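**Q** Not my notes, these are from TrEMBL:
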- 319-429: domain 'Guanylate cyclase' (DOMAIN)
- 946-1086: domain 'Guanylate cyclase' (DOMAIN)
- 70-94: transmembrane segment (TRANSMEM)
- 100-122: transmembrane segment (TRANSMEM)
- 134-155: transmembrane segment (TRANSMEM)
- 167-183: transmembrane segment (TRANSMEM)
- 190-209: transmembrane segment (TRANSMEM)
- 215-236: transmembrane segment (TRANSMEM)
- 659-675: transmembrane segment (TRANSMEM)
- 687-710: transmembrane segment (TRANSMEM)
- 741-764: transmembrane segment (TRANSMEM)
- 799-820: transmembrane segment (TRANSMEM)
- 827-850: transmembrane segment (TRANSMEM)
- 862-879: transmembrane segment (TRANSMEM)
């Protein structure tokens, strides 16, 4: 049953960890659907976030990286297009020497463009690395391309006198101003694009369309076309800006969250390690993770051999120290509770500081370390005695030997040590002298430094020492030592106070064991707990120090102290007197778990920004990096190597899809206008446009925009979800469209097909004369498919050929408007469009295009038309590839960060569960809350609490028979079996306080005042009845485990109820405890009780009888803390340890 502890902790978070396991498994890399928050995707909101977070510099660096990638792509694209243009022109003119001579300047310019592109591609990475800027290189590229683009048509027009030539790269150059060139300011890009557009129109007026009968119609169509190209550049830039900023913020948020989780994890680990050694915490984590992983894989709980993985550790050659404050009762009677608590916390803090001077790692001489700490403690209390005029002192015992250390139980872990040598060290303290360190000859043999040592006769007079052949000695502090270690008058120590959160390596070996915990109990000789005696235990690796607080009168007799604590109505409020008395050292000690929030926020922000800067620095959009170094993405097909990541990427939500639809509406409208501007009248072919626009405007747009409009403009007013069925359905459809890839693909395909019909219908309806004078009428399958057989006048519905080509380009643009549709689907649709159009140009309407303008002398117009469509399709595909590549890199990086975040979150859940298994939830939250005021003392009064002390009574020789190891494992099983009861729903209001000397202390009714506890209190029984039921089940558990282990251990229980104070004592090693007379009396009811019985006082017995249970009068007995005998009762139990109801209740039943 040793695995019960792991099992019970695992139960608290298996579901959450199971969720992490599934989310981060190797077979499931898909991204969860994001919260459908429309505001997150508004550029104005994103910019305001960048402004508030001061991210502009980082974003500029990031965009420089992105621009580097786009500019490298531009060089590749321009190199491909220039070389292709060169080859096509050579093939078109090589048969005629005169023609090829005429186009030599063209060929030279295209070769120059190709050479400069290749050279630029080679140098761009080095230039970026050295100068960090591409602005001037972009301007140079713009100037070169602009010159080549302008030179060719003007050169041939001037040479021929009336040549009608068009610029080849005007549309590409306009688009490059927005997308490819490294220009941060959109206004500058717009001015450059406008400049190219104006120049292009002027070229059309002066050369291309000179003398045309429909000049203004043609120019207006060209203006609309250029407006679309400029709009496309703005659109791509705007959408990329949104996506990049959103990705940037998500990445930063992920890093910030991971940092926060790491910070919380460190806080929790440091708080845990201040209570339990790190080595033992790591053991608990290992057992916990093993049990959790086993459950996640098999859905079963891991069963272990009881003697395996027990949280116990045996060490030899360890020095143990116990320490008591002498005359403690006198101090408690002289000081009020506020001054007393302040004094105790000062003492314990200074004791911690003194122990920190000695290494927590294995020390060369741990015995000397313990003795030195003991002398420091004597010096410290001497200073307090003088400063506060108190008659107090320290009595310290030290012994070296073997210990077994570890954790007993499964709930509210406590670290402790057990062994006969520990008992000897405890006895050394009680037999020592105030102001001196009492050591055994075993410890003395390890001392190498010079000390003032005097022998004693305790080895002959004390039976426990005599039985083990021990001699004892007293070590006296020297005057120099006392002066050196005495706190300064202002309350500070002459050595720095280390942070409580400082990571300390702890292991139990031959060094110093510094375990410091303040317990509000010391062990009575009869096995009970004295709750009225605060108990300090300090440890160091290889050394063990314990300090129990009791009083010694002038004759040397040990007396218990009893005082009444001052209750506070505010659980977090400490008297202002304490604040006024704080010194620099006090503040350092009392704020060990707190920091200045502004400073913490600034430090974390700087750390996150630094991490972001490093992440950005490691991201490369260089083509070499893309094709050579990036291993997770196939550089040719641009898809993830792992199928699971690819599926997750494709299925990512796309909140921008509604903008694609809106852009498609505008684009289709421009296509319709361009097609009809140059016609004598607008023909009957308007119906495909009207049908397409109607479908998108009246069906697709409402389905995609309703949620956005409702959340932004309506929800803030009505503050409720839509009640109208139609509106509610449209809102749901908006979310479905955003999150479902299949739905988006269907809508995209429908729009593509309809626009294709709109563009190609005009071409098919246009009948043209062939060279032999015959008419092509309904002779192709396309014509038969799309047109009605009716008589048309020749060229009545024919638009300008280049406007038809521009409409085809606009159709291709529409395909690439949908940025997040799968890359290869868009390319497929674009290729289909280009192929069909090329067929129409070359075969179906060859003569219609033969008389149109071209790019170069000797180049057929039909080829120029096809080149224009293909070149622009290649450019759009390259942009699409680069955008998709950037998104894929972001996706990979976000997945990596998300996995780190999940791992940090997983570890944080483990730490939190472990921490909550050490301290109550509200106390752990208090100590981890950096926002609380600088008061680390926590108290809360409770008016109706039931307290129980339950001692396991064993046979005197059981430990000798079993041996230390097996005895501890047996006791661990008993304690763990009790702990499992607390995890039951009916006992959730019971709080385990501690276990000491096999006495189990618990309380019911400690509600910290939160809402969740109030609800819990409302649905549970009265606190006393709940605790009685718990005690009854403890007897049953003990009986069961006695049968399993063939033992005859018994349980003795004492219960009392009444008002108590709960709180945390100790600033470095916080310990939750309770105080009050009911606590003392519950302890006395246990220590004076009888095995297998529950003993209570008269007042408690009356309430139990009112609850319907039977109590039997025992006797009037004397108990410590009471001047008169008290009446005690036994709660009646049957042979099965069930509570026996009173005859009255039985008859009523």
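The backbone N, Cα and C atoms fix where each Cβ goes, glycine too.
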**Q** Could you tell me how many residues in the domain 'Guanylate cyclase' (946-1086) are helical, how many are strand and how many are coil under DSSP?
**A** 69 helix, 42 strand, 30 coil
**Q** Of the stretches 167-183, 687-710, 741-764, 799-820, which racks up the most C-beta pairs under 8 Å with the transmembrane segment (134-155)?
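**A** Comparing 167-183, 687-710, 741-764, 799-820: 167-183 has the most Cβ pairs near the transmembrane segment (134-155).
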**Q** Give residue numbers and ranges for long-range contacts of the transmembrane segment (190-209): same chain, 6 or more residues beyond its ends, CB-CB under 8 A.
**A** 142, 146, 150, 153-154, 157, 163-167, 170, 173-174, 177-178, 181, 183, 215, 218-219, 222-223, 226, 229-230, 233-234, 853
**Q** On the 0 to 100 pLDDT scale, where does the domain 'Guanylate cyclase' (946-1086) sit on average?
**A** 82
**Q** Any chance the transmembrane segment (167-183) and the transmembrane segment (862-879) have 3 or more Cβ pairs under 8 A, given the pairs are 6 or more apart in sequence?
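**A** Counting Cβ pairs under 8 Å, at least 3, so yes.
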**Q** Short question: which residues 6 or more past the ends of the transmembrane segment (687-710) have a Cβ under 8 Å from it?
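**A** Contacts of the transmembrane segment (687-710) (Cβ under 8 Å, skipping residues fewer than 6 from its ends): 36, 38, 657-658, 661-662, 664-665, 668-669, 671-672, 722, 727, 730-731, 733-735, 737-738, 747, 750-751, 754-755, 757-758, 761.
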**Q** Restricting to the same chain and to residues at least six past its boundaries, which positions have a Cβ under 8 Å from a Cβ of the transmembrane segment (659-675)?
**A** 221, 224-225, 227-228, 231, 235, 239, 685-686, 689, 692-693, 696-697, 700-701, 704-705, 747, 751, 755, 758-759, 762, 799, 803-804, 806-807, 810-811, 813-814, 817-819
